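If you look up TrEMBL, you'll see S65, K108 marked as active site. Residues or ranges marked as domain 'Peptidase S26' by TrEMBL: 35-131. According to TrEMBL, the transmembrane segment annotation covers 27-51.
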Amino acid sequence: MFNNNSKIDQPQGESLNNINPGGNNKVISFFSFLFDLLKTFVIVALVAFAIRYFVIQPFVVDGDSMLPTFINNEYLIAEKISYDFKNPSRGDVAIFRYPKNPEIIYIKRIIGLPGETVEIKNNSVYIADSTESQAKKLSES
């Protein structure tokens, strides 16, 4: 069928390796680099946007009510997702918006939990559970 002596025809003119040496290849390479750079920038921006709006949020402390834990004008970065997986505990620091004016943000420590009554007497905090008749003094630690 095939003849071992047959030759493959070579294209006439310039060989494929010599077509436009170095001209458009550099331009195409430059635009390819720019496109890859743009893709990388867009991906990084999308990841940063998602982290910023769904995982963490920056805050600045306004006031001295959280001394000595946080000082006035201290910059904080708070994560937003832990309470999607667990309930708040006594002693946790919570950041929340004031219900009557959502533009006001509070940073406070949790002292009372659901079902508890919190009382402040003589500069001491007392917590009573709905099952207890006597309130217990909360330690300052």
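Cβ coordinates come from backbone N, Cα and C, glycine included.
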What does DSSP say about K108 (active site): helix, strand or coil? strand
Distal contacts, the transmembrane segment (27-51) - CB-CB under 8 A, six or more residues away: none
Could you please provide the mean pLDDT value for the domain 'Peptidase S26' (35-131)? 93
Whole-number answer please: how many Å between the C-alpha atoms of K108 (active site) and S65 (active site)? 8
Helix, strand and coil counts within the domain 'Peptidase S26' (35-131) (DSSP): 23 helix, 37 strand, 37 coil
Cβ proximity for S65 (active site), under 8 A, sequence spacing 6+, ordered by residue number, returns K108
Around the C-beta of K108 (active site), how many further C-beta atoms are within 10 angstroms, looking at every protein chain? 12
